[in-house]
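Annotated features in Swiss-Prot:
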type	residues	note
BINDING	27, 30, 45, 48	Zn(2+) binding site
ZN_FING	27-48	zinc finger
């Protein structure tokens, strides 16, 4: 058995008509089905460690 709390993956999808919309970003290394965690300034994959930095928003 795994340690910790299990995730409810059904919360990461939205169904509109006949289409499925993924609400979270998927990892480009691991492929579809592995979602990336959204942090304040980055996206991170918990499986392989891949990380993408968010672009800072410009203030006008």
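Even glycines carry a Cβ here, placed using N, Cα and C.
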Remote residues contacting the zinc finger (27-48) - C-beta distance under 8 A, at least 6 residues beyond either end: 12, 54
Protein Cβ atoms within 10 Å of residue 48 (Zn(2+) binding site), excluding its own: 12
Nonlocal neighbours by CB distance (under 8 Å) for residue 27 (Zn(2+) binding site), same chain, sequence gap 6 or more: 34, 35, 36, 45, 47, 48, 50
In three-state DSSP terms, the structure that residue 27 (Zn(2+) binding site) belongs to: strand
Binding-site residues: 30, 45 - member with fewest neighbouring CB atoms within 10 Å: 30
Chain-mates of 27, 30, 45, 48 with C-beta within 8 Å of site centroid, Zn(2+): 28, 29, 31, 34, 36, 46, 47, 49, 50
